[in-house]
Amino acid sequence: MGTAAGAGALRLPGLHGYAVEFSPYCPGRVACAAAQYYGMAGSGTLAVLEQNEAGIALLRSFDWNDGLFDVTWSENNENMLITCSGDGSLQIWDMAKTKGPLQVYKEHTLEAYSVDWSQTRGEQLVVSGSWDQTAKLWDPAVGKSLCTFKGHEAVIYSTIWSPHIPGCFASASGDQTLRIWDVKTPGVKLVIPAHQAEVLSCDWCKYDENLLVTGAVDCSLKGWDLRNIRQPVFVLLGHTYAIRRVKFSPFHATILASCSYDFTVRFWDFSKPNPLLETVEHHTEFTCGLDLSLHNRGQV
């Protein structure tokens with residue numbers, strides 16, 4: 001992956017990063033959702049970083065009065081981002097403006113922990129997941145949620161759109177399940193008892209509409225084929241603490257990356273007999289956010 005070479009670092013004093021997302025428009029531009037005091041108290045900051053020849057520079061930053069836990073870029077405006085926070089609200093930010101947010105949606109009754117902008121063409125939808133056990137569907141042009149999805153029996157940690165199927169998203173929860181939803185129907189489409197532990201993260205394979213991965217408190221990653229959920233397609237072991245986030249590669253159908261409370265980032269190829277490709281130990285604290293560039297093959 002070429003991960004260790006050319007790694008840059010930028011410190012955000014007093015802030016702990018929860019999520020990072022590469023811009024779909026600008027190579028080397030990254031948004032980071034951060035919170036004070038490990039998200040337990042204090043305020044939050046959206047930091048937009050840019051990598052150049054000199055390293056990583058802070059391009060823009062916006063403050064919010066509660067910790068920010070996730071961030072997603074707009075798929076139709078290169079300057080627009082949405083964050084979600086500990087007060088249950090979603091914030092829309094415009095990088096072209098010095099102050100913000102443009103809009104605040106406050107409907108979740110507990111921490112909003114996950115937000116994702118739809119990737120399929122022809123729709124501009126956002127999904128959020130909350131500790132109030134619900135996921136909500138939003139159209140950024142409309143001031144209130146379009147729909148609320150109920151069914152999880154514990155905190156929702158992750159909500160991710162399918163990159164293949166319009167209106168389809170997955171959610172991962174403390175109730176140990178991965179669930180698949182369709183925005184056209186209010187009930188859950190599929191419930192997968194994924195782990196015997198809290199599931200903190202999930203992602204869709206970019207090359208197979210039926211394949212997802214989950215990462216959990218049991219330190220394992222599991223692959224799931226939606227056509228046969230009786231047992232996982234693969235199980236990846238190696239992390240020594242809970243897996244905080246997992247992402248499939250945009251360039252390779254069988255490669256994925258995960259980060260963990262064990263301070264490491266690991267790269268895997270589940271098609272290989274020895275699937276662990278590399279363990280990166282750059283961080284000295286919980287590693288919570290992770291993304292793989294759509295523009296630069298080896299950049300994470």
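First residue shown is number 1, and so on along the chain.
Any Cβ shown, glycine's included, is placed from N, Cα and C.
In TrEMBL, annotation is done automatically, which means it is predicted and not curated.
Away from its own ends, the repeat 'WD' (71-95) comes close to residues 19-26, 31-33, 35, 39, 44, 46, 48, 59-60, 62, 64-65, 101-119, 124, 126, 128, 130, 132, 138, 140 of its chain (Cβ-Cβ under 8 Å, at least six residues beyond either end). As annotated by TrEMBL, repeat 'WD' applies to 71-95 (among others).
Sequence-distant neighbours of the repeat 'WD' (105-139) (same chain, 6+ residues past either end, Cβ-Cβ under 8 Å): 69-76, 82-92, 145-150, 152-167, 169, 171, 173, 181, 183. As annotated by TrEMBL, repeat 'WD' applies to 105-139 (among others).
Confidence annotation: the repeat 'WD' (149-185) carries a mean pLDDT of 97 in the model. Feature annotation from TrEMBL assigns repeat 'WD' to 149-185 (among others).
TrEMBL lists 192-228 (among others) with the feature repeat 'WD'. Sequence-remote contacts of a segment are chain residues at least 6 beyond its ends whose Cβ falls under 8 Å from one of its Cβ atoms, and for the repeat 'WD' (192-228) they are 154-155, 157-158, 160-165, 170-174, 176-180, 234-250, 253, 256, 258, 260, 262, 268, 270.
With helix defined as DSSP H, G or I and strand as E or B, the repeat 'WD' (236-278) counts 0 helix, 22 strand, 21 coil. The repeat 'WD' feature in TrEMBL is assigned to 236-278 (among others).
Broken down by DSSP into helix, strand and coil, the repeat 'WD' (192-228) contains 0 helix, 21 strand, 16 coil. Here the repeat 'WD' (71-95) is broken down by DSSP into helix, strand and coil counts: 0 helix, 15 strand, 10 coil.
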